[in-house]
Amino acid sequence: MHSVQPRPASFRSQGPLRGTVKVPGDKSISHRSLMLSALAVGESRISGLLEGEDVLATAAAMRAMGAHIERTGEGCWTVHGVGVGGLMQPASALDMGNSGTSTRLLMGLVASHALTATFIGDASLSKRPMGRVINPLSQMGAEFTASPGGTLPLMVRGLVPAVPIRYHLPVASAQVKSAVLLAGLNTPGITEVIEPVPTRDHSERMLRGFGADLTVEIDADGVRHIRLVGEAELKPQTIDVPGDPSSAAFPIVAALITPGSEVTVTHVGMNPTRTGIFKMLEAMGADLTYANEREVGGEPVADITARHSLLRGIEVPPDIAPSMIDEFPVFFVAASTAQGQTITSGLDELRVKESDRLALMATGLKAIGAQVEEREDGLVIQGTGGEPLEGGATINSALDHRIAMSFAVAGQHCYHPVTVDDVSPIATSFPTFEAMMHNLQETH
Ligand code: S3P
């Protein structure tokens, strides 16, 4: 896990950003590829795996529960799975570091296995709500002992056989959906998740890819009914993980706001449940072009070129939020230098991410001279009309990788450098971020 010692860094405007870059593998797909490979019988091969701390926490946990996982080269991993139902009692607590996805999805897996596991995490993760997965998994028969407020450290005792449920998601969350589906893998009968607002569907795609009997029906009201037949037998796969659109958003916004820039990001995942950020930037007038559109391992992929653009403020429809939920911090940076007002709402979930992202972005952006009003469920931002922001402040990033990267991007278009108090959490999702930004500044 990243060092306890904070590592501050400053980011300054150094002229246009230019070049072609590849961002690391998709974090959501990387977690799922390790988990499902560990539950298949036989050897799966994964390439393009994100080797960030969050994903390494998942790998360590799957190893601790019996899977054989080996790194064979850069981003290349082989996994010998134990089969659905075959996970073993871990010898010690599972350290999830900063990773909410590892925690919630693994709680689902443990819930229907004959084992007891304790989950621990860092200061950020230990504040995040786990009740949202404890509720459905308790209905399936698992038992929980959690810290006050339903937080980590917590202990899960799985039940075999678990009880299949029909679960109506009370919050638009791919993590909750996935936790229930993963618990359903080793549960007799049909586990159903009812999803009124679509969230990222990597679990559904990958479960099908591994041979699970999973169907998705969209009813007359547009509500998704996801049904998984339990006691599944998963077959090992070869998986090529596409680049993470959430990571691609950082160099793309940096290019859009920095005069004279042109940046291409290759091999970016374009799953429609993830591309809300690109749609909203285009609605603001962003010059984005897509090339080489193709399909990789059941996921659409493209190369994206972003050219500096004068963005115009917009009102973001709240129903697009789940498809850009992790991109709001950097989107707020784009809005801060746009022409006119950007209004966002319906973003209560941002308050329970790796940090309270509404509060931290509002405070940090104001500190570097942006005009921001913080509301309960969103930010209202008055942009500079393309002018640089003032900069010259130190930002509290509160163990949140995306806050740190967002202010590194903001620093590209400020009069004075922006200092991020601790950039070490960036390694949870994008270990090559600083080197990439440096290369984009140097290639001309
Ligand atoms: C994720 C789902 C989202 C997202 C997180 C990854 C996933 O969380 O914010 O970074 O891999 O399923 P929620 O499901 O809590 O919205």
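Each position is counted from 1, following the chain as shown.
Here the Cβ of each residue, glycine as well, is placed from N, Cα and C on the backbone.
3-phosphoshikimate binding, as stated in TrEMBL, involves Lys27, Ser28, Arg32, Ser173, Gln175, Asp326; the candidate among Lys353, Lys366 given for that site is Lys353. Nearest by CA distance to Ser173 (3-phosphoshikimate binding site), out of the binding-site residues Lys27, Gly100, Arg128, Arg357, Arg402, is Gly100. According to DSSP, Ser173 (3-phosphoshikimate binding site) is assigned to coil rather than to any helix or strand. Taking Gly100 (phosphoenolpyruvate binding site) as the reference point, none of the binding-site residues Ser28, Arg32, Asp326 has a C-alpha atom within 10 Å of its C-alpha. Gln175 (phosphoenolpyruvate binding site) sits 11 Å from Arg32 (3-phosphoshikimate binding site), taking the Cα positions as reference.
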